[in-house]
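S.K.: A single structure is presented below for examination.
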Amino acid sequence: MSKNKSSECVKVVVRCRPLNRKEDTNGPAGGIVQMDLKLGQVILRNPRAPPSEPLKTFTFDAVYDASSKQRDLYDESVRPLIDSVLDGFNGTIFAYGQTGTGKTYTMQGAWLDPEKRGVIPNAFDHIFTHISRSQSDKQYLVRASYLEIYLEEIRDLLDPNHANTRLELRESPETGVYVQDLTSCVCKSIKEIEEVMNMGNQARAVGATDMNEHSSRSHALFLITVECSQPGPDGRKHIRVGRLNLVDLAGSERQAKTGVQGERLKEAAKINLSLSALGNVISALADGRSGHVPYRDSKLTRLLQDSLGGNAKTVMVATLGPAPQHYDETLTTLRYANRAKNIHNQPRVNEDPKDALLREFQKEIARLRAQLNHRKWRNKQKKDGDVWDGDGDEDTAGEEDYDEKEGEDYVTLEEQRLELEKEAIRGDRFLLAEEKQRLLGEKERMMGDLRKEQEATEQLTAKYKAMESKLLVGGKNIIDHTNEQQKMLEIKRHEIAEQSRSEREMQQQMMVQDEETLELRETFTSLQQEVEAKTKKLKKLYAKLQCIKTEIKDVNDEHVRSRQELEQTQNQLTRELKFKYLIIENFIPPEEKNKIMNRLTFDPEEDQWKFQPLVQSESKSSQMKKRPTSAVGYKRPITQFARVAMTMGPRTRYRAENVMLLELDMNPLNISSPDRYSESDPAQSPSQDSSPCKDTGVCKSNSWCQSQKSLKSSSSNGSLVACQTPAVAQ
Ligand code: ADP
Ligand code: MG
């Protein structure tokens with residue numbers, strides 16, 4: 001892997017959605033969020049504060065107001081990241097914000113309206129258009145996966161059985177943290193990748209009773225892997241792998257934990273666990289002083305480990321609502337976003353990683369092609385009359401490409417030839433009938449072989465074609481409908497986006513510099529002027545000080561609030577713990593408790609306590625013996641003698657099997673002779689038979705031949721009846 005030492009910050013952009021109809025009519029006039037698009041600033045007004053209180057200002061890489069277009073956000077803030085992914089970098093885009101502020105709108109948008117398509121569909125277009133326009137010596141393989149994290153469990157949304165399977169996170173030095181056994185679909189076109197997305201969205205919707213409720217509590221991650229192979233200067237094919245994570249996070253609002261208990265408390269604690277862990281990770285990284293970054297605290301932070309402080313390029317889209325009633329949440333989101341700006345990543349290109357699937361595909365395709373060419377070469381040898389004996393020069397076989405048409409022609413010709421030969425044999429009057437038969441049989445066999453061979457070739461060709469079609473070749477596989485004019489338009493749009501971005505950066509820098517150099521540039525002609533200027537400056541600094549003071553007060557208030565909440569949760573958990581202790585101490589014998597305690601171990605990977613197996617799997621000798629498989633047709637192993645006894649009818653003297661069957665419930669009414677019962681009237685209920693066993697010495701229970709009606713309550717007995725009755729009938 002090539003290492004690029006230069007680090008870059010997480011790019012943070014903020015988007016504010018328009019006031020919705022309800023907020024427009026209900027709330028006080030206007031929103032509380034103002035934006036300076038040129039400077040990339042968000043100005044927030046506290047609706048509860050007196051008008052004299054200064055407004056809060058935050059500066060970001062870019063800001064998008066209510067009138068912003070999806071396309072503008074994509075071109076300016078996302079396009080460069082996708083370009084990097086296509087060059088082999090890892091990239092992440094995540095939307096963060098309160099529920100209902102437009103995370104899903106930004107990430108997905110309205111698919112059918114070209115104006116409202118979000119980041120994900122635009123990224124699909126971008127990736128496949130890029131592939132179609134790239135040079136023809138490039139080969140691509142695009143894969144997609146879709147997962148969600150709900151209550152700290154990872155679900156594979158592309159697996160039809162996702163509701164029952166929980167995936168685990170694993171770590172490897174090669175790829176970092178990954179999800180084990182996650183479904184990944186190879187996609188050849190925009191349509192295919194859209195289908196994958198739809199499939200996952202449907203699985204998400206089906207799993208939830210209320211989609212909005214569900215989506216505000218679960219994190220959705222759509223992962224795209226783009227592998228690109230290109231010949232390098234050394235003549236060898238090099239593979240670059242770019243991984244793109246598109247993340248729609250759960251709503252960032254606080255979940256109320258107060259007043260809930262038991263399972264609901266655990267659930268509420270887990271819902272925001274990932275988000276608070278994300279907050280802690282961001283704080284630790286932004287702070288830069290604390291050595292420990294708590295990635296392992298949640299599944300989400302482990303999955304985003306590369307994206308935050310790792311080797312990926314990251315864009316965070318913080319979404320806001322302009323309504324005054326959500327002031328607190330909006331401020332928290334802005335603070336969160338502001339902190340994330342300080343995270344440094346070290347992006348690097350993934351070159352020739354060991355796990356590149358494209359390499360596997362290329363190898364497999366080459367192997368299949370060689371096999372097909374070998375067949376062609378063998379057919380050719382046979383056609384030329386030179387029967388292949390297996391030690392020809394096989395190397396030449398791979399040189400020419402296999403031609404399907406040629407293969408078919410060869411088979412038709414061979415068939416015709418064999419048919420003619422058969423006709424000739426049939427028409428040959430000098431041959432003996434026996435000899436004729438033998439020769440015809442031989443030809444028949446040859447024809448069979450030929451057909452088998454053809455079938456095998458067809459299968460091989462189909463496999464080869466299927467494999468090859470999965471690889472996208474630059475400038476070939478996808479029909480590019482875009483004409484030159486459109487291409488030019490796109491380039492211009494891209495240039496404009498770049499320009500406005502650099503303009504904004506320059507203005508931000510100038511603003512900072514202005515403040516710093518103002519003092520240096522000032523020369524005062526009179527004392528009065530100096531006093532005026534300094535008073536002005538003092539006022540400015542005083543305003544700043546007030547701002548910072550309120551900021552400190554806000555942060556303190558927030559800390560107090562969250563501490564109180566944590567204390568409440570702790571109290572509730574302690575109460576539950578005491579309750580469990582009480583049960584354990586009073587109802588579980590100490591020796592049993594010790595046994596259980598000794599067997600328990602904590603698995604940090606799965607964040608769960610686990611029972612160690614009683615029998616160590618290594619020591620085979622101490623393993624419990626498996627029950628032998630029963631003789632065919634019997635429920636259990638049975639001796640030969642017993643089998644013979646059974647065939648002789650129910651009145652055998654020595655039964656050898658089931659000599660005595662005891663009824664669990666020894667109701668005297670239920671005791672009767674099985675022999676009598678089964679012989680006289682099988683439909684008769686044994687409970688009606690009140691006579692005790694007279695003709696046998698041993699009083700046997702009839703549980704094994706009772707009618708099903710009387711045994712309905714026990715399924716195991718039912719199966720015994722089903723199994724035993726035919727044996728008795730024999
Ligand atoms: P979230 O995913 O954050 O819970 P949604 O994306 O579902 O929120 O958005 C909530 C509603 O607001 C949707 O009806 C959506 O269409 C609308 N909305 C969000 N952002 C915008 C925007 N920038 N422009 C217009 N409508 C928006
Ligand atoms: Mg949503």
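Note that Cβ sites are derived from N, Cα and C of the backbone, with glycine treated the same way.
On a predicted model such as this, the values are computed, not experimentally measured, just so you know.
Sharing the record's features from TrEMBL:
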type     : residues                                                    : note
BINDING  : Gly97, Gln98, Thr99, Gly100, Thr101, Gly102, Lys103, Thr104 : ATP binding site
COILED   : 433-470                                                     : coiled coil
COILED   : 524-576                                                     : coiled coil
COMPBIAS : 387-409                                                     : compositional bias 'Acidic residues'
COMPBIAS : 680-691                                                     : compositional bias 'Low complexity'
COMPBIAS : 706-720                                                     : compositional bias 'Low complexity'
DOMAIN   : 9-343                                                       : domain 'Kinesin motor'
REGION   : 379-409                                                     : region 'Disordered'
REGION   : 672-730                                                     : region 'Disordered'
S.K.: By Cβ distance under 8 Å, which residues at least 6 away from the ends of the coiled coil (433-470) in the same chain are close to it?
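M.R.: Distal contacts: 141, 186, 188, 361, 364-365, 368-369, 371-372, 375, 402, 404, 407, 411, 414-415, 418, 421-422, 425-426.
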S.K.: Quick test of your reading of the structure: among the binding-site residues Thr99, Gly100, Gly102, whose CB sits under 6 A from ligand 2?
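M.R.: If the test is a Cβ under 6 Å from any atom of ligand 2, the answer is none.
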S.K.: Apart from Gly97, Gln98, Thr99, Gly100, Thr101, Gly102, Lys103, Thr104, which residues in this chain have a Cβ no more than 8 Å from the mean position of the Cβ atoms of those residues at the ATP site?
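M.R.: Not counting the recorded site residues, we get Arg17, Ala95, Tyr105, Gly251, Thr319, Gly321.
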S.K.: Relative to the Cβ position of Gln98 (ATP binding site), how many further Cβ atoms are located within 10 Å?
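M.R.: Its Cβ has 22 other Cβ atoms within 10 Å.
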S.K.: Have a look around Gly102 (ATP binding site) and count the other CB atoms within 10 A of its CB, chains all included.
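M.R.: 22, counting other Cβ atoms within 10 Å of Gly102 (ATP binding site).
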S.K.: Minimum Cβ neighbour count within 10 Å among the binding-site residues Thr101, Thr104: which residue?
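M.R.: Relative to the other binding-site residues in Thr101, Thr104, Thr104 has the fewest Cβ atoms within 10 Å.
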S.K.: Drop a 10 Å sphere on every Cβ of the binding-site residues Gly97, Gly100 and tell me which sphere holds the fewest other Cβ atoms.
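M.R.: Checked Gly97, Gly100; of these binding-site residues, fewest Cβ neighbours within 10 Å: Gly100.
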S.K.: Under a criterion of Cβ-Cβ distance under 8 Å and sequence separation of at least 6, what residues of the same chain contact Lys103 (ATP binding site)?
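M.R.: Listed in sequence order: Ala95, Tyr96, Gly97, Asp248, Leu249, Gly251, Val317, Thr319.
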S.K.: Looking only at Cβ atoms, how many others are within 10 Å of the one on Thr99 (ATP binding site)?
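M.R.: Total other Cβ atoms inside 10 Å, all chains included: 18.
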S.K.: Average the per-residue pLDDT over the domain 'Kinesin motor' (9-343) and send me the rounded value.
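M.R.: Summing pLDDT over the domain 'Kinesin motor' (9-343) and dividing by its length gives 86.
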S.K.: Sort Gly97 (ATP binding site) into helix, strand or coil using the DSSP assignment.
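M.R.: Going by the DSSP assignment, Gly97 (ATP binding site) falls within a strand, counted as strand.
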